[in-house]
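Peer 1: Below you'll find the structure I mean.
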Amino acid sequence: MNAPLIAPSVLAADFANLQRDVEMLNRSTADWIHVDIMDGVFVPNISFGLPVTAAIKKHAQKPLDVHLMIVHPERYLEAFRDAGADVLTVHYEACPHLHRTIQQIKLLGVKAGVALNPHTPVSLLQDVIADLDLVLIMSVNPGFGGQKFIERTYERVRQTAAMIAESGSNAIIEIDGGVNQSNAALLYHAGARALVAGNFVFTAADPVQTIAELKKVW
Ligand code: DX5
Ligand code: ZN
């Protein structure tokens with residue numbers, strides 16, 4: 001088994017010092033930089049969009065893991081790829097033609113992910129799981145950083161891991177929301193292989209050290 005990928009979320013960074021915070025992530029053992037795009041429609045909050053993503057890319061030495069919390073994500077996939085996304089994740093709940101949207105992402109030459117809100121049964125991914133590189137299981141309701149981790153997530157990770165094994169898919173499971181040192185190991189052992197962490201990393205006295213510790217959970 002391998003250590004989990006750690007994907008700090010720049011939603012919790014200091015937006016007035018983004019370059020400084022991205023350079024800190026470059027120096028750390030973080031694997032990906034998680035970029036949360038919120039449109040104020042799919043989720044009740046607005047974060048930032050294409051120009052800020054491109055600005056992060058300019059300084060990032062790690063892949064950008066772009067999480068689209070927006071309606072009609074299919075309209076913006078190419079633009080986010082061009083802004084520097086290496087992984088593009090859309091929400092199941094925002095995609096009536098999910099199969100087509102996944103194929104669109106793959107044609108752009110980046111990794112394809114689908115995110116599930118906490119109420120969406122993981123079994124709904126059964127018919128697309130073989131095409132996915134990533135399943136993002138939300139462990140909070142999307143829209144804000146710093147929320148409390150939903151305990152039911154462990155069972156959802158186990159169910160998803162079983163579905164992936166059964167289908168022969170190469171998808172990895174990513175967890176997003178309320179991740180910290182006390183749930184990271186349990187998530188890893190349930191089958192998660194990528195952990196997003198926003199507040200836990202950026203409010204730490206030593207974010208580089210905190211990222212290294214999260215990675216040690218396995
Ligand atoms: C929530 C976002 C998360 C958020 C995680 O809607 O998708 O990526 O930044 O932040 P924490 O780790 O603080 O819960
Ligand atoms: Zn996210």
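From the backbone N, Cα and C atoms, a Cβ is placed for every residue, glycine too.
Remember, it's a predicted structure, so these values are computed and weren't measured experimentally.
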Peer 1: HIS34, ASP36, HIS67 show up in TrEMBL as binding divalent metal cation; which entry in ASP176, ASP206 does that record put in the same site?
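Peer 2: So, going by the record in TrEMBL, that would be ASP176.
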Peer 1: Kindly point out which candidate in SER9, SER28 is recorded by TrEMBL as part of the substrate site with HIS67, GLY143, PHE144, GLY145, GLY146, ASP176, GLY177, GLY178.
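Peer 2: Between SER9, SER28, TrEMBL records just one in the substrate site with HIS67, GLY143, PHE144, GLY145, GLY146, ASP176, GLY177, GLY178, namely SER9.
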Peer 1: Look up GLY145 (substrate binding site) in the DSSP assignment and reduce it to helix, strand or coil.
Peer 2: coil
Peer 1: Among GLY143, GLY145, ASP176, GLY178, the binding-site residues in the record, which have a C-beta under 6 A from ligand 2?
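Peer 2: Cβ < 6 Å from ligand 2, in sequence order: ASP176.
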Peer 1: By the DSSP assignment reduced to helix, strand and coil, which category contains GLY178 (substrate binding site)?
Peer 2: coil
Peer 1: Using C-alpha positions only, work out which of the binding-site residues SER9, GLY143, GLY145, ASP176, GLY178 is nearest to HIS34 (divalent metal cation binding site).
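Peer 2: Nearest listed residue in space: SER9.
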